[in-house]
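**Student:** Annotations for this protein, taken from TrEMBL, read as follows:
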| type | residues | note |
| --- | --- | --- |
| TRANSMEM | B:12-35 | transmembrane segment |
| TRANSMEM | B:55-78 | transmembrane segment |
| TRANSMEM | B:90-108 | transmembrane segment |
| TRANSMEM | B:114-131 | transmembrane segment |
| TRANSMEM | B:143-167 | transmembrane segment |
| TRANSMEM | B:202-221 | transmembrane segment |
| TRANSMEM | B:249-270 | transmembrane segment |
| TRANSMEM | B:276-295 | transmembrane segment |
| TRANSMEM | B:302-324 | transmembrane segment |
| TRANSMEM | B:330-349 | transmembrane segment |
Amino acid sequence: MQVIDLIDQKGRATVAESNVPAIELIGVNKSFGPVHANKDINLVVGKGSIHGIIGENGAGKSTLMSILYGFYNADSGTIKIDGKATTIPDSKSAISQGIGMVHQHFMLVDPFTVLENVILGAEGGALLKDGVANARRELQRLADEYDMTIDPDAVVGELPVGLQQRVEILKALYRGADILILDEPTGVLTPSEADHLFRILRVLRDQGKTVLLITHKLREIMDVTDTVSVMRRGEMVASRKTAETSMEELAELMVGRSVLLEVDKPEVKVGKPLLKVEGLNVRDDRGVLRVKDVSFEVRAGEVLGIAGVSGNGQSELLAALSGITRAESGTMELSGEKLDLAGVHDAAEMRHKGMSHVPEDRHRMGLINQFSEYENSILGYHREPKYSKGMFLDKDAIRKEAKERIEKYDIRPPTTEMTAAKFSGGNQQKIVLAREIECDPDVLLIGQPTRGVDIGAIEYIHNRIMDMRAQGKAVLLVSVELDEIRSLSDRIIVMFDGNVVGERGAEATEQDLGLLMAGVNQEAAE
Amino acid sequence: MSKGQLPRWVDFGLLPALNLIAAFIVSGLVVVIIGEDPFEAVKWLVWGALGYGEGIGYTLYYATNFIFTGLAVAVAFHAGLFNIGGEGQAYVGGLGIALACLALDRFIPWWVTFPFAIAGGALFGAAWAFIPAYLQAKRGSHIVITTIMFNFIASALMVYLLSNILIPQGTMSPSTRNFEAGGQLPLLRNVFTSFDFGQSPVNLAFFLALAVCVVVWLLIWHTKLGYEIRSFGKNPDAAAYAGISPVRITIITMLISGGLAGLMGINVVMGEQTRLLLDFAGGAGFVGIAVALMGRGHPIGIILAAMLFGLLYQGGAELAFEIPTISRDMIVVIQALVILFAGALEHMFRPAVVAFFDRFSSDTAEA
């Protein structure tokens, strides 16, 4: 199957610089059973450039990168590295050909030091001593050259995510990578960490490295890349010079139609408070106080946004409110009923009282990946009478309802039998959202509603949240995306180090919120 | 189909078959090394287990034990719990059965005693599983360690009870008295007289085992409790999010698991021996682990795997008898090889098979 039709390129792959490209893919195909994940992909990435690959979840970006890094073997097509046709049967071969990859989920050993992580798999000999000394020198050189200072003896697990990612990059460079693939690198980063990452990427480019940046965030593409390719449904639909394109054009190319990036937020009459939290303190497993004396209320028909850099107590707040963990102290008033959060903690009970919860991490919490769609559609509600016949589950009723929701929420593919793991991110989120909204709650807790979700689905999810608001529900929205918080919320509170450090209206500027998120309280300063 | 996913028939049929064939090939080599003809050995093995009525009877008798213990391990597995204590739970369960029989056998017919014996076995087995379950759920003591330890405690406890308390006056062997007719399960050779089961001890407990398979299947895949058990086993965080209490599920699942193991005594104590005797479980609790693994936690798979191990037990005994150079220990080696390949080396062939099917499936997609 090495016969490739070169005529059908439509000039798509010609944007790169005229010298020999670092990477050239010609007619690459990859299928998983009936799913054609990559269709005749042509791609040219110029040497010493930052090339973005953008596309919705499930567009085939990760598959393509996995082919480049040797995780998958292409069914057909040619891969050229530095102009020479080659094969990449496994990641070892990818590394030896100068390709390094920084995964979305880091591949680091937490209890090891930075140095130990960097030499892992490249120890150089049976005794560690020489390897370690070498690595220390090399690490120092890399750090100087690329402006990536890091303490080689720091324990990785104790570093913030931004630095952990830096370790991943150093690992790749230590192995001699000339081509660096970064898969959704900013998903876990704060805005300032992301900026720093982009600075590093620019330095790398200026030193002659080639960077491939996989993302679904348009702003990042515009900020940092030189050239960009757009994927849609397994096909490479366009390549552009970043300077010659716009967010709107790229969004349209990704989705295949024009997208409304603004949310329509009609006036809604605000009612009585449905959720009232007072004096909430939460400790994590290690006994660290993560939420400090937080109080707020959310009224009917209101969206309260909680802004903040991730890791400032938002997750613990959601866990305590939804009954997953026990709070240290604090009370909650839910639709008029007062609950002691330090006493009861029962997620089933909270649901029963009319509070539903879309968790921040759908893979870890919101879904059971091995369960089929219809089984996931009742998670947390499986004891509801409408789903059961005595002690048995009424599978016909469950499937019937799951089918209705699939239709209503346009979940694709429209099947109740496929396991959750096989749905794309956006559709997984829709499964969770359908479950938590269709039970008609009074209060909706929703964490990172659009993390790892494609543009089409983002628009849909935002509209559903606005529907809840219009129906007079109280919505508590936690998100690290400031745009999202600002466009959806009626009021915004900002969390920093477990405290609520300020409250603003929806008209708050990004700078204002940004300062609050960084722990600088302007009002106090004035 | 995404990468690494296999069609069900491959996962549940082809892979176990490959593992089994590998185990038999290695076993065959061992037989060759000691200077015997492996094909001759296989012939005796299969003939001994399936070639005549009495052999079939013994095969089914052993399989019955393994179904109970296999189900016990599988149910715990669905909750992500590794219950190594099936042996001890079966042993103590036998005590419950014996007590029910000893109390009732002189007064009522066996079919009235039967439900009491079932309750006794399940209750005692469950009780023996409760302590490790409680320690895991509330104190975080690892269930693998505690259940192993409880096997030893069970063994010591039963030695004490049998040689000091339950032993009839004036006898020397550590066992209870023989149950009267009211404490004896009918043997199949007396029920199905048209089939020649010989002197084999297979009894009505076999049908109880099949019925329990149906119950477990319903429990795991069709009840709310089963849903919670599987949720907890697959993703404890999501279970917590769903309001499923880990303490409750850990304890309930282990109670069910221990109860299932406890039922094994119905077959041995009430069916074959008609008395409680020392060490009657004889390792069936451990074989149950292999059976559950090989049967992929599904009752149908467990029945098939239990039959296989029943065949090995019975056929192995016959083989040792017919070819004296292949001793009893050799049979244990063969069984160990099957456990090794089906259990511990379960994933040995998987990558190759996955690669094969990935290629195969992408070819068909392009065609």
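The backbone N, Cα and C atoms fix where each Cβ goes, and this holds for glycine too.
Curation plays no part in TrEMBL annotations; they are all automatic predictions.
In terms of burial and nearby residues, how do these features look in this structure?
**Tutor:** Counting residues 6+ beyond its ends, the transmembrane segment (B:12-35) has Cβ neighbours under 8 Å at 6, 41-42, 294, 296, 298, 301, 305, 308, 325-326, 330, 333-334, 337-338, 340-342, 345-346, 348-350, 353 in the same chain.
Within its own chain, the transmembrane segment (B:55-78) has Cβ neighbours under 8 Å at 47-49, 86-87, 89-90, 125, 188-189, 197-198, 200-203, 205-206, 209-210, 212-213, 216, 219-220, 226, 229-230, 233, 253-254, 256-261, 263-264, 266-268, 271-272, 284-285, 287-289, 291-293, 295, 297-299, 302-303, 305-307, 309-311, 313-315, 317-318, counting only residues six or more beyond its boundaries.
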**Student:** Let me spell it out: take the transmembrane segment (B:143-167), skip the flanking residues so only those 6+ beyond its ends count, and list any with a Cβ under 8 Å from a Cβ in it.
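**Tutor:** Sequence-remote neighbours of the transmembrane segment (B:143-167) are 81-85, 87-89, 91-92, 95, 98, 128-129, 131-133, 135-136, 173-176, 254, 276-279, 285.
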**Student:** Suppose I define contact as three or more CB-CB distances under 8 A, residues 6 or more apart in sequence; do the transmembrane segment (B:249-270) and the transmembrane segment (B:90-108) meet it?
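**Tutor:** Yes, the transmembrane segment (B:249-270) and the transmembrane segment (B:90-108) are in contact.
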**Student:** Short question: which residues 6 or more past the ends of the transmembrane segment (B:202-221) have a Cβ under 8 Å from it?
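**Tutor:** Apart from its flanks, the transmembrane segment (B:202-221) reaches 57-58, 60-61, 63-64, 67-68, 71, 74-75, 78, 118, 185-189, 191, 229-230, 256, 260, 263, 266-267, 270-272, 298-300, 302-303.
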**Student:** Mind checking which residues of the chain, 6+ beyond the ends of the transmembrane segment (B:90-108), have their Cβ under 8 Å from one of its Cβ atoms?
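**Tutor:** Answer is 68-69, 72, 116-125, 127-128, 151, 154-155, 157-158, 161, 166, 176-177, 179-184, 258-259, 261-266, 268-270, 274-276, 279-281, 284-285.
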**Student:** Residue list, the transmembrane segment (B:276-295) vs rest of chain: Cβ under 8 Å, 6 or more residues beyond ends.
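**Tutor:** Same-chain residues near the transmembrane segment (B:276-295) but 6 or more away: 16, 19, 65-74, 77, 84-91, 94-95, 97-98, 151, 155, 158-159, 162, 166, 173-176, 261, 264-265, 268-269, 301-306, 308-309, 335, 338-339, 342-343, 346.
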